[in-house]
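All remarks here apply to the structure that follows.
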Amino acid sequence: MTHMALEVKESLDERCNRILKNMEASLTARDRVGIQDFVLLDPYTSETAFLENLKKRFHENLIYTYIGTLLVSLPPHIYALADNVFRTMQSECNNHFILISGESGAGKTEASKKILQFYAVSCPSTKLLNNVRDRLLLSNPVLEAFGNAKTLKNNNSSRFGKYMDIQFDHQGGAVGGHILSYLLEKSRVVHQNHGERNFHIFYQLVEGGEEDLLRWLGLERNCTKYHFLVQGGCAKVSSINDKSDWKTVRKALSIIEFSESETEHLFAIIASVLHLGNVKFEANVQGYAALNDNQEMHWVSKLLGIPNQVLKEGLTHRKIEAKTEEVLSPFSVDHAVYARDALAKAIYGRTFNWLVNKINESLANKDSSRKTVIGLLDIYGFEVFNLNSFEQFCINYCNEKLQQLFIQLTLKSEQEEYETEGIEWEPVPYFNNKIICELVEEKFRGIISLLDEECLRPGEATDLTFLEKMEEEIGGHPHFMTHKLADKKTRKTLERGDFRLLHYAGEVTYCVVGFLDKNNDLLYRSGKEVMQQSKNAIIRHCFPSTEPDSKRRPETVVTQFKNSLADLAEILMAKEAWYVRCIKPNEAKQPGHFDDVLVRHQVKYLGLMEHLRVRRAGFAYRRKYEIFLQRYKALCPETWPNWKGTAAEGVRCLIKHLGFKPDEYKLGRTKIFIRHPRTLFATEDAFQVCKHKLATRIQAKYKGYKVKEDFLRQKEAATKIENCWRGMMARKEREKRAWAVKVIKKFIKGFMTRNQPACVDNSEYLTYVRLNYLTRLKENLPKTVLEKDAWLTPPPIMKEVSQLLKTIYIRCMVRKYMSGLSVQRKAQLLLKSQTSSMFKGRKENYPFSVSRIFLDTRIALEDINTRILQMIRHEHIKYSVPVVKYDRNGFRPRLRQLIFTQEAAYLAEEAKIKQRIDYSCLKGVSVSNLSDNFLILHVTCDDSKQKGDLVLQCEHLFEALTKLSVIADKQNCIKVVQGSVRFDIQPGREGFIDFKSGQESMVYRAKNGHLMVESTRTKTR
Ligand SMILES: Nc1ncnc2c1ncn2[C@@H]1O[C@H](COP(=O)(O)OP(=O)(O)O)[C@@H](O)[C@H]1O
Ligand SMILES: [Mg+2]
């Protein structure tokens, strides 16, 4: 058993907040109305206080109250318990079951449905899981339609026991289910007490079935037409809507994977049971039962697929085995009716089992991985009617057994546990119903044994002989009573055929009539054989031709039931138990009405007070040291994450750390016992908080690990990429170098062979040289004509080309230069070239003249005397320049004007022409090679009257001489001389002029009578 159930389901956030606020306060909030857990009830031995608390909560719509692990349910909030079971299963990975008990109509089935719904809604959902969930949920309406009926106690009373396993995977998803059904109350098919109905499905089919379907089944939409539906006299009930229930069932069937033909066969069976009920027998002449050609038989035959004749024979005769052969023995009418009913019950009962199997197939979980299971036991509740029969006997026996189980698991084992664990304990007395169980089931002496004996023994056994037998064997038993055994007073309340059992839940008087029959549940062999011929697949399945040896008597109904209950107990014992005790507030099926007497009675027989007392005196919670330590070890640093010593020591250390007070717990041999739920709540709450912290840490560690992993991966990747990149770069570099070596080699080879004729080795080199030279040349071409000598020196192979290019280029440049020249400039240059050809390299101061521009004249016409002009104008004055004339005698300098005309040169002084030299008479012109400006005009002098040669000094020597050479066409007669010049002073009289370079320029008459002209040496570039 596990820790306490919480009433409210909270989110984790809410939960943590609340814990932080105030744990104690939260506890009281849980107990708002009355006391939520009886364990906290103060006058805990008072039944009245107990009832008061129940009532208080009932009126506040709080129908659930705890006694520790037990939930008292006064019908609807069952979720807390379901939630607890689920959580415990999840955290402890073990199997559980919830035992729901209580009287018929107390709300067991509703509670079980609520629990199932809770799991359906709260479990993880995926498409697959939803599929399972839908089937789990929808199996309910189908089973209820076929297995529930209206009784006097409950309009939807379960007439079969149901144990359902819900299987969960490790994530808490519902993955499958399995249903075990127990003893269906088949007698209801053929007989209903007043105020009760047959199973719902019959009414649903007749009321809700589609027109086509009804026609096909041969049914009328009128329940009163069917004998099997009307015996209780209440086919229609206002609180039951058969029509809409029909729709639900139809839909559910399709979801639980019933095929079209299966549904057809199923309804054919239901309809054939109704038809069977209407089959009437008549006595023939011999008084045996006979069937006239009857419409009902026709339908049964059609729906079950059995030839009419075979069916007829089966219903009116039975097979008797004589020594070697089988003989057909006819039935009396009563017998035939009995056989018919037996057949109807058998058909329905077996079909019900088939249905359960079919549902199980659809719920089966195909995956075989480990599952945990929550079992839900919703069995028919304790039942007392005015007339109680075999069925009530079985049902109440079942409840007796479950009560026994409960006592064993709680009251008894609880107290025994304290003992074995060595915890101080004062035993709480309780009523153990073991004595009743034994009365019923004891071997040889128990009621069941006696009943079986009567059923099996040869001879005339009847219900009454069975009663007598009981009186004989167990007459003195304190829980057994019959008419015969009773005292006077009690006898009044008993009929002769009655026996009374004093059950744990109260007295029940059973009428023995029918006990033997119902226990035998005889279906004559002929009936079975008829069914084996059916074409209806379900019937064929339910009545297999290979049924175990039909000659051996089958186990009786009650023995089968007893065994199945023993199996069930075994199933339950292997699981952790949780309980829901349903208490019925009133017998009138009324809401809001609290019947004190009724409730008090239930509280009493359910042993709730004792349970409370044991709980209260005891400990609300206990756990094996290992489990407790495992769960809470995170709360103490010494025990986290692993405790080295024994679990008991670990727990001791843990609770010391948690500060449990000495009276709050006890340490047993193998378990820790905690007295109050609140201690555990606080521990659990602390654990929840701690769990989050741990989860965060684990998460952080994991994230760190993950990120680190990512980082390492990225780093590795980066290194890889880097390696590849570097490798690639290195390879590229190597290629480049290899290429460079090749190129350089080629270059060197080319260089070495450059002067050889073009070949492979040097062709590229030469191309390169050419290209290189041309490129360089292009960038270094002379900018002007004057730089023409600055031509780039060509490599040997380019000499010729270079020469050609140079010529072309210079020509081109010259042409360009020329085309840019003006007429004047051209004329000037012609003159200059003339000058050059005459003096270049000959006269020392020539270079200075080059840059001086030649003018048209140095003396303007208006500066020439008009008389002179008048005299020589007709000869066209071409050029005039001022000169210094040196006398022939004494060499005195005189300023004169030298004028060139077309015909002659004139030396003028003011208005006088001093000398005229016809060009034809001009014999020559001498100049020195030095830097002086002297010129000597030599004239032919035949005539002595004529003046001799002219010695002149002219500032514009080169200009004047050039003009003269052009005008007079005398370039050939201009002589550059060195040293001295001889000249004619007069014809026949000669003079000399000596030229030399000196420190300064001077002109003087030397002692030898020569004219000495000294000029400074000029540095030419
Ligand atoms: N939790 C509940 N809320 C409302 N009505 C309920 C509740 N439990 C039971 N009932 C009413 O009581 C009737 C009987 O309940 P049911 O579970 O069928 O009883 P049991 O299975 O114990 O015989 C239901 O049909 C319903 O009317
Ligand atoms: Mg029920």
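Keep in mind that glycine also has a Cβ here, set from the backbone N, Cα and C atoms.
Automated prediction, rather than curation, is the source of TrEMBL annotations.
Annotation comment: TrEMBL describes Gly102, Glu103, Ser104, Gly105, Ala106, Gly107, Lys108, Thr109 as ATP binding site. Around Gly107 (ATP binding site), a 10 Å sphere centred on its CB holds 25 further CB atoms from the protein chains shown.
Taken from TrEMBL, the feature domain 'Myosin motor' covers 34-688.
Summarising the annotation, TrEMBL assigns domain 'TH1' to 843-1017.
Outside the region 'Actin-binding' (565-587), and at least 6 residues removed from its termini, the chain residues within Cβ reach (under 8 Å) are 1-2, 54, 58, 69-75, 78, 81, 84-85, 88, 94-103, 105-108, 111, 153, 163, 180, 182, 373, 375, 377, 381, 397-398, 401, 405-406, 409-410, 593-595, 598-599, 602-603, 606, 608. If you look up TrEMBL, you'll see 565-587 marked as region 'Actin-binding'.
With respect to ligand 2, the binding-site residues Gly102, Ser104, Gly105, Ala106, Gly107, Lys108 contribute Lys108 as residues with a C-beta closer than 6 angstroms to one of its atoms, given in sequence order.
According to DSSP, the secondary structure content of the region 'Actin-binding' (565-587) in residues is 9 helix, 7 strand, 7 coil. Report note: the ATP site is defined by Gly102, Glu103, Ser104, Gly105, Ala106, Gly107, Lys108, Thr109, and the residues of the same chain whose CB lies within 8 Å of the CB centroid of those residues, excluding them, are Lys153, Asn154, Gly381, Cys582, Lys584. Long-range Cβ contacts of Lys108 (ATP binding site) within its own chain (separation 6+, distance under 8 Å): Ile100, Ser101, Gly102, Ser158, Asp378, Ile379, Gly381, Val580, Cys582.
Residue environment of Gly105 (ATP binding site) contains 23 other Cβ atoms, counted within 10 Å of its Cβ in all protein chains. Glu103 (ATP binding site) carries a strand DSSP state (E or B).
All chains included, 25 other C-beta atoms sit within 10 angstroms of the C-beta of Glu103 (ATP binding site). Taking the Cβ of Ser104 (ATP binding site) as reference, residues of its chain lying under 8 Å away and at least six apart in sequence are, in sequence order, Thr151, Lys153, Asn154, Ser157, Tyr380, Gly381, Phe382, Glu383.
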